[in-house]
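For ASP83, ASP285, the entry in TrEMBL reads active site. The domain 'Peptidase A1' annotation in TrEMBL covers 65-407. Annotation source TrEMBL lists signal peptide at 1-20.
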Amino acid sequence: MRGGAGVIAVAALFTGTASAQHRDGVVQWDIQRRQPPPETYTRLLRKRASTFEETITNEEARGGYFATCRLGTPGQDLTLQLDTGSSDIWVPDSGANVCSKSGTEGCALGTFNPDRSSTFEVVGQGDFDINYVDKTSSKGDYFTDVFQIGGATLQNMTMGLGIETDIAYGLVGVGYALNEAIVGTTQSTSSIYPNLPVNMVNEKLINTVAYSLWLNDLDSSSGNILFGGIDTQKYKGNLTRIDILPTTQGLYTSFAVAMTSLIAVSPSGQDTLTSRSFPMPVVLDSGTTLSYLPTDLALQVWKEVGALYSPEFKFAVLPCDMQNSKGYFSFGFAGPNGPQINVSMGELVLDLTSGQAPVFNTGPYKGMDACEFGIQNSSTAPYLLGDTFLRSAYVVYDLVNNQVGLAETDFNSTESNIVAFPSLSAHIPSATIAPDQSQATIRPSVTTPAYAASAGFTDSAGVNRSENVAAGLPPALGTSQLSVVGLSMIFAMLGSGIFLL
C-alpha cells in the first residue's frame, strides 16, 4: 500500500502465516485466508494526522467479516466480527458455557480470560446486556483494558465481557456511540462512553470519527476498513456524499440513508421496480450478511430472477446457475441525482451449505443446484443493506458530519492511495455532495407494472428464470419441506417434493 509519511496501513494477522513490510511510514501485513468452522450461523445485528487500516477476512460460511484483535496485558488474540450496525466491542468470557464445547463447536475464534490480564478492570458490573433479533444475546460486565487493532493501541478501551452468552464469537461495533448497549440498559445517554472510533480520535490516532469500508467481491478472502481516511484506488467513478437520516427525535443512532429507486437491468431491457415504502430508509450494515427489502419490493426482485420463497424458513432460493446471469440491480440513493450502485447476480447468489449443494428434485428447476438469494424480504422497517449489497459499494462513514460517501467499488484493486481526513470537522476527502437531496422524498416513476416485468434475468444457458414465477406471490415451498440436521441441509419431500440432497 502507498501513503505519505505518518500514515499507517495495517492488515490483521488472521492466521499464523503472515509477512510484514515497512516503508515511508506505512506498515502492511499480508494475510492468508482461514477456512472457518462450518457450524456457526448467520445473525442479524441490532444492533492524529494518520490513518489505520485493518484487513477484514470474508468468512462466507460464518456470515460476515472478521479481524484479529489483541486484548489485555499480556495480549490475548481474538478474532471478532466487524459490525457497522452496533457500537460496542464485546468478547466472550473464557468461562462462558458456549465456549466449553470441544473442538470447533466451542469459541474457536478465541475467548478472553480476565485473570490473565494485569490491566483488566471492571467498570460496570452486570451492565453489559445486548440482544439480537435472532433471539441470541450476550450479558456480563463492562470493563476497560488495552485493545489493539490494525496497528493502533488504545490503553483504556471500554468493552463488554460476555459471561452469559449463546454467541460463540465477539464483535467490534463501530456505529454511533448513542447506539451502545449501555444506553438501552440504563435508559440514559449520560452512560455513553467513547467507543472505538471516538476513542481513536481522543487518543490522537486519527483526526475525525470516520472510516471507509471496502469488502471486495464474494470470491475474495478479505477486504479492509480504513480508520480516519479513504483510499481513492478502491472505488470507481465519483464518490458522493449523502445525508444520514436521524430518528424522529433528531438523533443519530444508525447509518440509515434514503434509498429512492431500484432498477433491474438485463440484456433484454430494464424495469423500474416500485414500492409503497419509497423513499425508504435503509441501514448500511456490515454485520448483516444478506439484504432485506420491503415485501412488495422483494417480490418484484424475486420475480426478476425466478426465486422461490419458503414461508417456514423465511428465505428465497434460486438455481445456482443464476450467479452467471448478466443481469444486475441498480440501487439509487438520495433522489434522482444521487449515487447509483450496481449489484451483479454474482454477488447475490450464495451457497446454502459448505458441502455438496442441494438440488431441486422436481419442478422447472429439477436437477439444478439450489442456492440462497442475497435479497430477502422484511415486513417491517428498518430495512437493511448488508454484505450482499456492501461488497459492490465503497462506503465512507462520517460520524461527525452525519454523512455517508458512496461509490461503486473497484473489485480486486491492487493499488492504494490513502488520503486522511485533515481535521475533525472536515468533509469526506475527494467527495462531492449529492444535489437536490430534498428530491429524495419523491417516489420513482414506474416503467412497468409490479410483477409484470419484462427484463427477466437469464442464467448461463440463456433461460429466462422469471418465467418460472407466477404473477403475485412467488410459488411457496411447503411449510414442512425443509429441515436442517447437524451441518447438512436435508430437503424432505411432501406431496410433489421440491428438494433432495
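Just so it is clear, glycine is given a Cβ too, placed from its N, Cα and C backbone atoms.
All annotation found in TrEMBL is predicted automatically rather than curated by experts.
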Among all chains shown, work out which of the active-site residues ASP83, ASP285 has the most CB atoms within 10 A of its CB. ASP285
Rounded Cα-Cα span from ASP83 (active site) to ASP285 (active site), Å: 7
Stretch-averaged pLDDT - the domain 'Peptidase A1' (65-407): 91
